[in-house]
Amino acid sequence: MSSTKPPTTTNKRKRTSNAHDEAPAKRVPEASSSKVTLDDSQPAPATSSDAVLGARSAPGTDYERVPFSTLNLSPPTTAAIERMGFETMTEVQARTIPPLLAGKDVLGAARTGSGKTMAFLIPSVELLSTLRFKPVNGTGVIIISPTRELALQIFGVAKELMQGHSQTFGVLMGGANRKAEADKLVKGVNLIVATPGRLLDHLQNTKGFVFKNLKALVIDEADRILEIGFEEEMKQIIKLLPSENRQSMLFSATQTTKVTDLARISLRPGPLYINVDETKEASTADMLEQGYVVCESDQRFMLLFTFLKKNLKKKVIVFFSSCNSVKYHAELLNYIDVPVLDLHGKQKQQKRTNTFFEFINAPAGILLCTDVAARGLDIPKVDWIIQFDPPDDPRDYIHRVGRTARAGKSGKSLLFLLPSELGFLRFLKVAKVPLNEYQFPQKKVADVQKQLESLISKNHYLNTSARDGYRSYLQAYASYSLKKIFDVNKLDLAKVGKAFGFAVPPKVNISVGSVKAKKSRDEDESSDDDGQPKKAYYRNRGRK
């Protein structure tokens with residue numbers, strides 16, 4: 001194979017929908033778990049997840065949809081909702097919007113894909129409209145989001161919702177032109193969507209930024225904001241913002257001690273607590289079919305390659321544990337004619353934005369990403385979620401699979417596990433996540449190992465990228481908090497090396513820092529590890 005530089009990761013191939021993908025076929029379940037074989041010749045049984053969960057009520061039987069027309073919203077907002085194609089409210093919207101319109105503070109808990117973006121945007125827009133905010137009044141609503149992509153998405157919905165209103169709106173986020181943002185703030189932006197770091201920067205340093213008239217603060221994905229290291233920034237932001245006559249809304253998929261602490265300092269005493277999931281028997285969407293596959297390290301890439309080749313006409317998201325691993329696999333797959341897009345925290349903001357919207361608008365395609373895409377993003381018609389590298393926590397699993405089966409639609413997910421990682425299933429069971437075991441017939445897995453090793457040995461650019469990906473995979477693995485399940489010392493490095501295309505695994509240095517390393521490995525907007533890393537040197541070793 002050629003040793004020329006691999007092409008830039010793009011996805012220009014036009015695709016159409018195909019009903020035949022690599023779907024699980026029915027097998028007789030074992031006593032301890034439900035197993036199905038992944039075979040493209042037979043479709044998945046519609047009730048496969050029910051074998052684990054037992055009988056379930058159909059979506060919508062527990063909650064009767066309420067029309068938006070019952071809210072008595074302003075004509076511009078009503079018209080915008082109609083243009084967006086919405087007629088009735090989701091459960092979180094029906095339970096949240098009325099008290100917010102009445103001026104109450106709300107602490108909301110809802111699974112991803114529940115419609116909470118509209119739940120806080122509609123009251124925010126109505127508040128600005130009722131108070132007749134103008135640019136000279138400065139900022140009346142601030143919405144804080146953990147990631148740039150989610151901020152852009154919220155901004156896009158706000159733009160549609162405010163189309164018939166006179167109020168101004170804008171987005172502040174790291175990676176964007178700070179001076180251009182500051183110029184707009186001085187002119188007056190009534191509704192702001194922002195990431196924490198950039199918002200704090202403007203609050204502290206932008207002269208002429210008027211926020212003394214702030215009437216509403218929205219903190220979205222609060223648990224994620226805190227997880228990626230913005231706890232101190234959030235405390236500073238809340239101290240700087242006026243609290244008198246300010247309505248606050250805090251939304252979090254999980255209720256942790258830190259989220260409770262943040263709610264205490266940001267919300268007024270006695271907020272209304274709304275949890276639409278507490279009576280649900282599963283933590284994930286009703287229409288989501290979930291499975292896992294057990295395979296050794298040296299089989300992982302070949303299994304992924306086989307799956308993606310058979311699902312080129314589907315919309316698929318594949319999650320990895322590190323930026324370098326995403327980069328390597330994207331370069332490799334594009335080089336061998338499996339077109340993919342890639343999204344991770346080391347990319348420049350313009351590249352991330354372009355990739356994000358290209359995948360959203362594509363009828364089919366494959367997106368390789370880190371957890372930068374796991375929270376809150378509403379990507380239409382995703383067929384499969386593949387967790388090639390398992391998450392460190394059931395909450396992360398839930399947010400990853402939340403990219404599919406949204407708003408009552410169906411979807412599928414597949415989790416890759418090593419035999420040594422099966423203990424993670426116990427944690428998922430406690431978190432009310434129903435899973436089937438899937439099995440790939442070995443004869444249908446493409447044996448491309450020799451070709452892969454030949455390519456990596458001859459192509460300098462791919463070899464360097466593979467080495468970086470291999471090192472980062474070990475680095476991420478060593479930072480997992482569930483050490484008894486994800487133990488880097490139990491990895492067979494010879495087999496791990498083969499998955500990255502090495503006949504003999506390279507010698508690499510990895511740094512294992514403080515507990516923050518787990519969250520900084522995605523390098524989205526969180527700061528680098530500020531602990532003193534200890535070195536671990538991994539030589540060529542493998543279990544016999």
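The first residue you see is number 1, and the count goes up from there.
Every residue gets a Cβ built from N, Cα and C, even glycine.
What Swiss-Prot records for Ala110, Arg111, Thr112, Gly113, Ser114, Gly115, Lys116, Thr117 is ATP binding site. A coil conformation is recorded for Ala110 (ATP binding site) in the three-state DSSP classification, outside any helix or strand.
Taken from Swiss-Prot, the feature compositional bias 'Low complexity' applies to 1-10.
As annotated by Swiss-Prot, compositional bias 'Basic and acidic residues' applies to 18-29.
Marked as compositional bias 'Polar residues' by Swiss-Prot: 31-50.
Sequence annotations record features per position, and here Swiss-Prot assigns domain 'Helicase ATP-binding' to 97-273. Confidence annotation: the domain 'Helicase ATP-binding' (97-273) carries a mean pLDDT of 93 in the model.
The annotation domain 'Helicase C-terminal' is assigned in Swiss-Prot to 287-456 on the grounds of sequence analysis.
For 1-59 (among others), the entry in Swiss-Prot reads region 'Disordered'.
Residues or ranges marked as region 'Disordered' by Swiss-Prot: 513-544 (among others).
Here the motif 'DEAD box' (220-223) has Cβ contacts under 8 Å with residues 116-117, 120, 143-146, 150, 154, 250-256, 258-259, 262-263, 375-376, 395 of the same chain, all six or more residues outside its ends. Swiss-Prot lists 220-223 with the feature motif 'DEAD box'.
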DSSP-derived helix, strand and coil totals, residue by residue, for the motif 'DEAD box' (220-223): 2 helix, 0 strand, 2 coil
All-chain count of other Cβ atoms within 10 Å of Thr117 (ATP binding site): 24
